[in-house]
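I have placed the structure first, in the form of structure tokens, so that the comments after it can refer back to it.
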Amino acid sequence: MEADGDGEELARLRSVFAACDANRSGRLEREEFRALCTELRVRPADAEAVFQRLDADRDGAITFQEFARGFLGSLRGGRRRDWGPLDPAPAVSEAGPETHDSEEDEGDEDAAAALATSCGPASPGRAWQDFQARLGDEAKFIPREEQVSTLYQNINLVEPRLIQPYEHVIKNFIREIRLQSTEMENLAIAVKRAQDKAAMQLSELEEEMDQRIQAAEHKTRKDEKRKAEEALSDLRRQYETEVGDLQVTIKKLRKLEEQSKRVSQKEDVAALKKQIYDLSMENQKVKKDLLEAQTNIAFLQSELDALKSDYADQSLNTERDLEIIRAYTEDRNSLERQIEILQTANRKLHDSNDGLRSALENSYSKFNRSLHINNISPGNTISRSSPKFIGHSPQPLGYDRSSRSSYVDEDCDSLALCDPLQRTNCEVDSLPESCFDSGLSTLRDPNEYDSEVEYKHQRGFQRSHGVQESFGGDASDTDVPDIRDEETFGLEDVASVLDWKPQGSVSEGSIVSSSRKPISALSPQTDLVDDNAKSFSSQKAYKIVLAGDAAVGKSSFLMRLCKNEFRENISATLGVDFQMKTLIVDGERTVLQLWDTAGQERFRSIAKSYFRKADGVLLLYDVTCEKSFLNIREWVDMIEDAAHETVPIMLVGNKADIRDTAATEGQKCVPGHFGEKLAMTYGALFCETSAKDGSNIVEAVLHLAREVKKRTDKDDSRSITNLTGTNSKKSPQMKNCCNG
């Protein structure tokens, strides 16, 4: 049995030795052994000790006999291993340095055992090669192949059951890498195509510019050549004329000479002298003319040289213009790319806005269907709480829950708002009531809103105001009650709303609770009814923009003003939000368009565009955040840069109710006199408010609206929206703006 066991051990050792002998030389060199131990995470000192123990003949290589003798001795256990005649086993009874040798022997044995276990019959190197062969050409996509192969061999040695999952992981990685490489190639091809297209466009532009330059150069040369030829032809004609005159003079002189020969000298001496004098004078005149002609020729030559220099300068300027045009082309391409990015972002925002709008309309339609299923008309359902109207009594419109006698009165007021035509006049006359919009932020320009207002005028008259009116009708993007045409409603509709009574009893479960609080500075109801009759004919909407850093409470301020509500966790404004509010300013009914801008840095450019046509600005800061107060100067500079004229500004210190609490907690707060000084510096109004308890909200808006009305009365050319009804027409400039 012992012999059979030794035979099996020798067979295993032979397979292990064959796996370690990579070059099939029958000998393990020192470098091969070190590389094998490095892959197996064996310390270099232990690897050297194991090699020295196995290398019995000290020839620098291990044969199979030495390998088998050393490992058989370690596998048989104990301290009785036969290490050969050159290295006898150490004595157990001795102390001192021999104990240290014994510890080294144990370390060598552990390293040898690890080597024997790792290089078992399974042959991890061969398994890795087989796996690579199965992969085929995909093996070249393996990143860091050496580390992957080492981990593969270690897993094969420690836990062979994990080999198959590991192979699946490697295949998945290879598949992903191939996909990534394919995508990178496609991207490279697309980039190359774009570059080629840009190069073609640039080359076409260069060719066009070259053609234009050549045409201009040819035209200039042709003109200069024509002018030079004309000048030379003039000079040639003058020269020929003068030569002809000289020839005629010479002929005359010859004739006179012949005549003088024929006549006697005594008779003609005086005449000849006179003729000679005349001819000499004429000769001098001709010489003078010749000199002038030569001077003109020199002057024309200098002009020709100047034209040549001008032509050279124009050529240089043309080259410079070409360089500038190339730079402009590059800038234009960059701007086009930026515009495409902005258009993509704008489309995404519009898509999200449409999705939110459709979700809101679906929710309202589901609510209406549930009402029809339960045989409950929308007219008997409370949509939202509103201030109480009591006929034509002269009591004030104050919103006080303690003054209500029962839930039935509150339900009656709420049910009166279900009729869209009656609800419009009701909401306009009540100061603390909200002017609803979609509730969604929008990035549209105010001019687009004017076009939709005209469309809403036409559509609002066609809606029935009976029981069939659904809540989805007021959930459109710009279906704001205050924008509807109020002139067609008349005072009779106002009276009908004030005299409206419920058709049936309303349960307590239908009453909607809210966090609304009473707002001060309200006018009596009778005054509002009288103001309705005066303001139907001429009603203007003033554009008020809310600005300030993020999280200063602009949306809460607007919600408290329009809806008389306060919500703790309100979402941040994306882009711009819009509300309408009607106030009584100096006894006149005034409609305000309130634009809530986002305070984040990425929306600053959008907010800046709304300052251009703003009639007034509510500039908010947080009294518990000093940074928002320090940024007020930057906001004021932005408003002054965007607005063409001086815009009234109301500086509002919000969150005044929590300033003392924040100060006790150690936060750096902004005192009230700091805000007053800053407002005096810029000539602005100042007020501290609290959107949570509603203090000074309406007062701040009233003061700003009063200042806006004063400014607009002095300057009628301000950009305001005329809401006088269907009889009023838009100005040509507004039509061109909306229809362009």
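For all residues, glycine too, the Cβ spot is worked out from N, Cα and C.
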Listed in Swiss-Prot for the Ca(2+) 1 site shared with ASP21, ASN23, SER25, ARG27, GLU29, GLU32, one of ALA49, ALA56, ALA61: ALA61
Integer average pLDDT (0 to 100) for the domain 'EF-hand 1' (8-42): 77
Position of peak Cβ density within 10 Å, selected from the binding-site residues ALA551, ALA656, ALA691: ALA691
Shell of the Ca(2+) 2 site beyond ASP55, ASP57, ASP59, GLU66, same chain only (C-beta within 8 angstroms of their C-beta centre): LEU54, ALA56, ARG58, GLY60, ALA61, ILE62, THR63
Cα-to-Cα gap, SER25 (Ca(2+) 1 binding site) vs ALA691 (GTP binding site), nearest whole Å: 90
Counts of helix, strand and coil residues, the domain 'EF-hand 1' (8-42), according to DSSP: 23 helix, 2 strand, 10 coil
Length of the line joining the Cα atoms of ALA656 (GTP binding site) and GLU66 (Ca(2+) 2 binding site), in Å: 92
